[in-house]
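Colleague: Quick one: this structure, given as structure tokens, is what I'll be asking you about.
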Amino acid sequence: MAGLSLAHPLAFAFGILGNIISFMTYLAPLPTFYRIYKSKSTEGFQSVPYVVALFSAMLWIYYALLKSNEILLITVNTAGCVIETLYIVVYLAYAPKKAKLFTVMILLLLNVGVFGLILLLTMLLSASHSRVVLVGWVCVGFAVSVFVAPLSIISKVVRTRSVEFMPFSLSLSLTVSAVVWFLYGLLIKDKYVALPNVIGFTFGVIQMGLYALYCNATPRLPGKVVEAEEAVDDTFKVPEHVVTIPKLGAPAVEMKTCEVHTVESPPPIEAAAKQEDDEPSSAEELEKAGNKGSNNTEQV
């Protein structure tokens, strides 16, 4: 009630400001999805942040309805549900088959199965006040997931040294939105609204820090990274030498080794042939010498 009461004008002001900033945050991925629409391809973008954001908005609407008179929470999260649903529809229209099946699977699991289970259990197993507390803590958990979800691409940003898949506008709007909603929750004394935005502010600062680090860095393509690693391996690799070892009574066997062995080379074919030609000539000379000796004996 404090969020709409004129007796708490500061809380009301932060609530309105939070609605405006959150709406702009929901619109931050528009350039990304326009690019997907123009290229007819998702180009490596992931659907997980949008599915998780949709689920979180659904939970906050349920929490606001249970608490009653939280119109500012209902308006911003209703807008979030509509916008995130449109994003997911566009993603499914242009995603490859594998990514499309994965997105449908987590939609059914999270937004239908888990949300339906939470709704059923809280309605059947808890009273009115304890239901608000239980759903409040569930909202805190998944609000943190919304802030963590864009960090799923941090490894890709570090690996490729490219911020192409982590828009600065989205990180900045998430950070500012977290600050405003924290102040709103603090002023209306709602810890379930204030607490997750402390974590959201932290993650937002991390994302902007990564953007500042890699925004001017030379992008590194995944294929180039692999080639560079192979080049480093080749630099320290001992070249292989193939040595043919003849074995008596068996065909020659080729063995690969990383050591260089000294192998005596066989005599050249021409030298061997010349040696064979020289042997008969030596025999003929001996025969002639023998005949000459016999003739000399006869003369004596």
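Backbone N, Cα and C atoms are what each Cβ position is placed from, and that goes for glycine too.
Take a look at what TrEMBL says about it:
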- 6-27: transmembrane segment (TRANSMEM)
- 48-65: transmembrane segment (TRANSMEM)
- 71-94: transmembrane segment (TRANSMEM)
- 101-126: transmembrane segment (TRANSMEM)
- 132-153: transmembrane segment (TRANSMEM)
- 165-187: transmembrane segment (TRANSMEM)
- 193-214: transmembrane segment (TRANSMEM)
- 263-300: region 'Disordered' (REGION)
Colleague: Please figure out which one of 6-27, 48-65, 165-187, 193-214 racks up the most CB pairs under 8 Å against the transmembrane segment (101-126).
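Modeller: Most contacts with the transmembrane segment (101-126): 48-65.
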Colleague: Sort out the residues at least 6 away from either end of the transmembrane segment (48-65), same chain, that have Cβ-Cβ distances under 8 Å to it, and list them.
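Modeller: Tertiary neighbours of the transmembrane segment (48-65) are 29, 71, 73-74, 77-78, 80-81, 84-85, 87-88, 91, 103, 106-107, 110-111, 114-115, 118-119, 132, 135-136, 138-139, 142-143, 145-146, 149-150, 152, 192.
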